[in-house]
Each structure stands twice: as structure tokens, then as C-alpha cells.
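> Copying in the features that TrEMBL gives for the protein in this structure:
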type	residues	note
DOMAIN	210-376	domain 'Helicase ATP-binding'
BINDING	C435, C438, C475, C478	Zn(2+) 1 binding site
BINDING	C444, C447, C462, C465	Zn(2+) 2 binding site
DOMAIN	470-627	domain 'Helicase C-terminal'
Amino acid sequence: MTILEVALPTPLRRRFDYLLPGNWSGDNPMPGSRVKVPFGNQELIGLLITCKSHSHLAEHKLKPALEILDEIPVMDTELLELSLWAADYYQCAPGEALQTALPVLLRQGVPAHLAGETVFTLTPEGKGLPQGALKRSPKQAALLAALQQQDYLRRSDLAPLGISRPILKQLQDKGLVETKELLPERPDTLHLLREQPLVLGDEQTKVMASLHTEGFTTYLLDGATGSGKTEIYLQAIEKVLTQGKQALVLVPEIGLTPQTLARFHRRFAAPVVTLHSGLNDRERLDAWLQARAGHASIIIGTRSAIFTPLAKPGIIIVDEEHDGSFKQQDGFRYSARDLAVMRAQRLGIPLILGSATPSLESLHNAQSQRYQHLQLRARAGSAIPPELRLLDIRNQALHEGFAAASLAAIDATLKAGNQVLVFLNRRGYAPALECHACGWLAQCNHCDARLTLHQSPRHLHCHHCDHQRAVPHTCPECKSPQLFPLGQGTERSESALQQLFPQVPVIRVDRDSTRAKDGMQKLLAGVHQGIPCILVGTQMLAKGHHFADVTLVVIIDADAGLFSTDFRGPERMGQLLLQVAGRAGRAEKPGQVLIQSYHSDHPLMQTLVSRGYHTLAEQILHERQLTQMPPYRHLALLRAESQRPELALQFLERARLLAEDTLPPSPLLSYLGPLPAMMEKRGDRFRYQLQFNAAQRKPLQQLLSQLALQLEADPLGRRVRWALDVDPQEM
Ligand code: ADP
Ligand code: ZN
Ligand code: ZN
């Protein structure tokens, strides 16, 4: 007897058994095929994991599947196994992991059919007509003549020939013309390049020589912004394409800029597809299928693109590997960067992790020789690295958040005909609204957070739960009309700068100003023409963009990460400041970076500015070793939230008891909590977490798998919202 073991889109951490459909004849369906099955009183589409001969359920309890949707599996074995491995590792239901890996349309049951381009061609009967036939209708004759000269016509060919839809239809009705589907051709390995690669500098040459494009190795390509990492990616990809293989390139969520894409298209004649959040479902599926069929040579995408099927995998590249967006923060909480290591290893292909500010995990892996460390120290071409300067702003009169020295530098830069970038990682007008009379602050009713004041349109906005409210005219506590914005947001800096420097455009780049489709591109069009201007923006500006004429960067609130309760705060601060700093002076013009700080004598800040990111990283790594934190230990969080705080707490206490029952606390595994999350109340829910800190992955994994099943079965587990987060990025 054949039993189908199926992963279904439910949050349950198990697989489900079914019989073959009643009318089934022939060979067993292949793993990775979609299966439609009855589930309670609904029908679900799942994925066949394996066919087996025994079930732990009695035969009369098994139901037949309704339909096998694929003859050729939508998911090949490699991808199926990777997804199931990831589901296990990240403690997620297999069905949920597979949901992430499959494009939406496939989950809905749409045929996995690569849509080709519809073209027009002659039927055999049409081909039988003599030259110059159909004379009575000149337009029909013209169409016929055109098709007698070339095999087929594309839709776009019709208008220039003066052929309209009705003419075409007439010939189709006569049975002379038909449509056919034209599939994209396989890439041609002889004509890969559109432009010649750059001549590599000495460091780049050494890096390229150490980079082998056969076999599995993880390379950490550690090179300052502008040192020529992208050129290394392009040349490594070229080698792989020459072997007839594909390249998968992962970029951070907002790092996929038109500039980056244009660079790939300029270099390669081979087909490039992109997978990102701006695609509609059909476009996403097409890109996925093209990768699967091997028609796409280069696949560039954000986090979930790690699950793209590859016909001929050749290399994986993760750009800005330190970026937090590679970790999914809800549902299936996987890290695309870490999965890239696993996938490359399984495929036996090289992986390049690139960054100017590598994560401490990757640096540690490089130090312990798990990764091969490749370094680029100098900037490529003639560019000079920017100079970093700390501006101590204690006891200084600030004008709208700006120190006098910052304003003078901005003025001088603009006068010299250059551009300025002002970085402030807070959108809106001001992060708080305060009553001058009694000190009242506008708070969100649903979160432990202040409401941000926005000016255009004017309203109060919670950036955590999206709650919005009108701005009050008087203080709700004391009725005073003296309500003032407190602190700086991008809108406020924008308007202050516009008043101070009315002669140049001030361009604000944040989530609000770029909301429209292509918003970012339109905003930045002027900037790329090189006219003197001021850019004000959040971290959206820090990623992926190249601003050749920016020679001054002013960082307004550098201190945010220094005192964060998240142990990764200082690491993130260092990465962000250097990424922003890296925007300055990328071309021939040297750049300057001013960092305003209230804590300019803080040792971490001092190290970063005077000795650079790598020394900072060493210092933080040393601290992590002493405090027994990653990368020296392995963390997991059990998160729970509920509108009733006592329920979430009770749930976590129970979980801790269950866990300690299995693995008592020891130097190899310690428990911490339940403790409140960084923001205890958010969106009306109270949030807590239990932390697991283990010396080794394996026992932690086993403990968590068992615990997850116990908690799934626990009645309290159904009354709170809970999740396991393995290798959490946010505490
Ligand atoms: P990164 O990815 O490290 O920021 P890029 O590869 O984008 O660096 O290089 C930065 C700039 O230097 C780009 O304008 C690039 O065209 C140029 N560049 C890179 N390598 C070379 C080279 N070997 N010779 C000349 N210019 C180069
Ligand atoms: Zn008041
Ligand atoms: Zn809120």
C-alpha cells in the first residue's frame, strides 16, 4: 500500500498521511509534487514529502488525497530537503516553511508552467499559400508576406507593419495564422558580456586568485565601501556563467537599487531576473520558473530568494551579509544568510558573503577558519576613504539638532558645489510631543511607546502598531495650549535645512517620502545629476546607493545603539555609522563625515572613529566571549504574547519547567526568564520571552523540538501567541 506523507499549510509541527487518490493508477507520484487533500471540512494544497508503505494511523482512518496536481514536481529534491531542514532547524511547521519557499500562485494550485511569449506564425495551410496571395486585401497580404519572410511575428512587430488586431483575427479565422508560445532561449555561454570587465587592482587580483569557483567554500569578502567588492562579484559570476551555470545573488530588502541592477545588466548579456517585494504574483512565479528551467543565468533577490530553484547552481553571493533583513522576524524565522551557507554546502558550490562591516558571527567564523577571509583594504580606482570626525555636542547650543560646526561644514560643502547627506534614523517631524506646562507626553494607548509627530499630513503616529491620532490643541492633562515637538525627525530636519539653505534643494528620503511606486528613483534623479543639494534621510539612504558627488555626511543621532538593551546594539551602531559614512566621497572627491555625539568619549565610539570597525569588532567579540553570548554561544528565544500578561507569563514559566525537566540548567545550557520583551506592551499585547543559551547547537535543537511539541499540545499554548526564534537577531 502507498501512503503519501504530506506537508500542509498549517502551523502544526507535523506531517500528514493520506492514501493515493481513488482513481489513481500508475507509478507513485514524485516527492515535491503538490497534492490536494481534504482537511477537516476544507481542502488544502500541500506538498508531497515522500511515499511510504506504513502509517502510524490505522488504515481505515486514512483518507484518500483528492488530486495530485503535478506530474513533474514543482520542487526538486534539493530545495525540498533544504526547506525541510530549515523547518527543523528554525522550529517551524514543515508546511509553513514550504509555503515560504513556494510562490503564492503555486500554493494556490496554478499550473507550474513557464509562460512563454505568444507569437504569430503561419499554419501549414498558410504556409502552402503562394507568394503574393490574398491580393484582394492589401493588409492581409502584407501580413502574409511578412510571415513568409520570417518564422514568426511578435505582438510588438505588428504595429510598425501597420497590422491591426482585426486583420490578424481574419487570418486566424481563415485558419492561415495561429499563435504559438515562444520559450526564452537558453543563455548563450559564448556571448556573455556586454562590456569588458574592469582591470583589477592589486588587492582585487589577489582576491580573485584565491576565489575558486568549483567546490564548496564560504568566502568572507571583507572590503570597505567602494573597495570594489561588486566588481569581484561580477567577475566571479562571469566565471560561473562561462561554465554554463547560474548565480544566485541575495541583497538586503532595500539594497536592491536600480543602480545595482543596471550594473548587472550593463555587464552581462545573459538573462538576469529579480525577485523582490515589488513584483506581482505572476511576475514572481515567472522569475521562479525561469530560474528553475535554467533560462535565467543570474537571479538577484531579497531574503526569500534563497529558496529559488536552480537548474545549474554555480555560485551564491550574499551582499551586505551583516544586514538584519536577511532574518525573517515572524512566522518562519529563518536567516537567508545562514541558509545560504547550508545550501552552498549541500550543492558543493562556492558562497561569497560580502560586507564592509561583516557581522561578528562571520568575522568569528573567518577567524576560526570556517570561512576563508578575503580582504580589500583600499578603495578601488582613485577614491580616497572618508575622514571620520566626532563632534562633541554636550553643552552646545544646537540649532534644530545641528551643531554650529555641522552647519558651517554644510555651508562650505554646498559653496564648493558638492552635495551633503544628513543621516537621521527617525522619520516624522519629532519623536515626541510634549506639554511645556506639565511635562505630559503623547503616548500610544496600545504600546509602551511615544507617538511620533508628523507634519505632512499633520497627525500623531505610532511607529510600532500604526495607530494614528489627530494632534490635540491643548494638553489632555492640564489644558495648556503649549504643546511642543520634542527631538528631531527627518521632516523637521528637512524644513530646518530648507530655511537655512534656501538656494539648494533639500531632498528627504524615508519610508514616507518614497511610498509611491518608483518614489525613490524619482527623488534621487536630481541627485545623480550632481547639482549641489542636501539629502536628508534614514537608513534607506545608507544601503546600496552610490552618491558620487556627496562629499560631506552629517550624522545627527549617532548614540542610539550605545545604550540599547539588545546586546547587538553596539555592533549595529558601528555597522550603520560606517555604512552611512561610506556614502561620502565615493568617486574622485574626498569625503568628510561628522558624527554628532553626546557620548564622544564612550570607548566604543572612540574605537570606531579612531581605529575603525575591525578594532571595534574585536573589542565587542571579546566582550561577547566574557559574557557568554553569540557567536561563542547559541541563543534561542521562546516568545509569548497575550492581551492578558499573566497568561503569557504563566505559559513561559510552564515552558521553562518542561524544558528544565528534559535538560536541567548547567554550564552547557542556561535559561533566562521569563523576562519582558524590549517593548513590553505592543499593539495591546504584553510580550515576554524565555531565553536559552547553549554551548552546543545539537542538544539545544533536540530540546527545542521536543518542547515545541509539548507546547503545541498544551491547552495554555492555544491561549497565547507564541513562537520559537532560533538565532534571534532582535532581543
Ligand atoms: P563596493 O561594492 O565594494 O562598494 P564597487 O565594486 O562598487 O565597490 O566599486 C566602487 C567603485 O570603484 C565603482 O565605481 C567601480 O566601478 C570602481 N571600481 C571597482 N573596481 C575597479 C577597478 N579595478 N578599476 C577601476 N575602478 C574600479
Ligand atoms: Zn500639560
Ligand atoms: Zn502603538
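The backbone N, Cα and C atoms fix where each Cβ goes, glycine too.
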> Identify which of the following binding-site residues, namely C438, C444, C447, C465, C475, place a Cβ less than 6 Å away from any atom of ligand 3, and list them by sequence position.
C444, C447, C465
> By a 10 A CB contact count over all chains shown, which of the binding-site residues listed here is most packed: C444, C465?
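Highest number of other Cβ atoms within 10 Å: C444.
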> For the recorded Zn(2+) 2 site, enumerate neighbouring residues of the same chain (Cβ within 8 Å of the Cβ centroid of C444, C447, C462, C465, site residues themselves excluded), in sequence order.
N445, H446, A449, L451, H463, H464, D466, H467, R682, G683
> Taking the Cβ of C435 (Zn(2+) 1 binding site) as the centre, how many other Cβ atoms fall within a 10 Å radius?
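A 10 Å sphere around the Cβ of C435 (Zn(2+) 1 binding site) contains 21 other Cβ atoms.
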> Among the binding-site residues listed here (C438, C475, C478), which has the Cα closest to the Cα of C462 (Zn(2+) 2 binding site)?
C475
> Show, in sequence order, which residues other than C435, C438, C475, C478 on the same chain lie with their Cβ within 8 Å of the centre of the Cβ atoms of the Zn(2+) 1 site.
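Apart from C435, C438, C475, C478, the close residues are H436, A437, G439, W440, P476, E477, K479, S480, Q482, L483.
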> Tell me which of the binding-site residues C444, C447, C465 ends up closest to C478 (Zn(2+) 1 binding site) in space, Cα to Cα.
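Among C444, C447, C465, C444.
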> Between C444 (Zn(2+) 2 binding site) and C435 (Zn(2+) 1 binding site), find the distance joining the two CA atoms and give it rounded to the nearest Å.
16
> Determine, to the nearest whole angstrom, how far the Cα atom of C438 (Zn(2+) 1 binding site) is from the Cα atom of C465 (Zn(2+) 2 binding site).
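Cα-Cα distance, C438 (Zn(2+) 1 binding site) to C465 (Zn(2+) 2 binding site): 27 Å.
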